[in-house]
């Protein structure tokens, strides 16, 4: 075993190196690989999760946008319908009001016509009466006497018919 | 006074009956630096990396990716072992390149022999054989763990005479792994030490050695990677079910 002696191999030294390396192995495993590998895994997981979340958020955002567009379109449709119905209603109201006003106007018109007619008739009657009195007075002054009831009657009828003929 | 690198590590002192060579001493320093680095990097570990944690994360993640391409779902078990081999050997090789390693020392035997205080850890066969032994034992341990004792033995023993012979060859192959792993690492680093020593004394001590230092940095990295990768491949092969 000359060669072993030449290379300086001694069991004690071998053992010392083995123990030394085992200590290194243990310490590195505990303080180096384990925490770092764990950290790397955690980070990987977290990145994966956040990427997934980002995808989800993007999808949600897209959906929300679509929804908002839909809602907006619906609102527009609704408002248009509302405006149209309001317009129809207002037109109806206006036409109704116009109609009513016209009716009222006509009513007033007819009423006033009736009134005017009545007034005219009354005035005519009064005129007749006054005319008659005047005639009677004139006759009395001319004839210097009062008319007999018979004459009076005749005269009056005659005058009235004459007047009536003139008025109408 | 010519300095030359001795094949065996020199004893610098002893604790009781245990001789402490300069390699053991340097190994302690490497261990200390490695552990301090690991401790500092993960002391205030947080989701948002800071300072040393960045370096540690890059190192672990790169190595994890590398291991997972070969080991697949066994990465979590293999990574600490393979990674430790890599970082320990790498730190050891690079520390051995620092000035003062191999040159600072004292004389023994009335100034006849020079004993350096530090020595690149992998230029001592004790270290590399120890690493190879750990690698091999860990590999076989994991094989038993993954395949069960029956599956593990089935890899080497068989009733079929042809497979029995193949299994016998495999056993020899396992033994040679120790030799190949340890001597490859030792040879490369020791040769590097010799090269650098020669380049900086015999040839010319200024400027000329610089390219060799770059070469040795490359060799140091490559050897660490080779040792780690071979261990990984051995582990993957031995933990696969035989067909």
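Each residue, glycine too, has its Cβ placed from N, Cα and C.
Annotation source TrEMBL lists transmembrane segment at B:20-41 (among others). Long-range contacts of the transmembrane segment (B:20-41) within the same chain, counting only residues at least 6 positions beyond its ends with a Cβ under 8 Å from a Cβ of the stretch, are 9-14, 52-53, 55-56, 87-88, 91-92, 95-96, 101, 105, 115-121, 123-124, 126-127.
Residues annotated as transmembrane segment in TrEMBL: B:85-107 (among others). Proximity of distant same-chain residues to the transmembrane segment (B:85-107), defined by a Cβ-Cβ separation under 8 Å and at least 6 residues beyond the stretch ends, is recorded for 3, 5, 22, 26-27, 29-31, 33-34, 59, 63, 113-123, 127, 131, 135, 185, 189, 193, 196-197, 213, 216-217, 219-221, 223-225, 227-228, 231.
For B:128-147 (among others), the entry in TrEMBL reads transmembrane segment.
Annotation source TrEMBL lists transmembrane segment at B:153-173 (among others).
Positions annotated as transmembrane segment by TrEMBL: B:185-212 (among others).
Sequence annotations record features per position, and here TrEMBL assigns transmembrane segment to B:218-238 (among others).
Most Cβ pairs under 8 A with the transmembrane segment (B:128-147) among the ranges B:153-173, B:185-212, B:218-238 are made by B:218-238.
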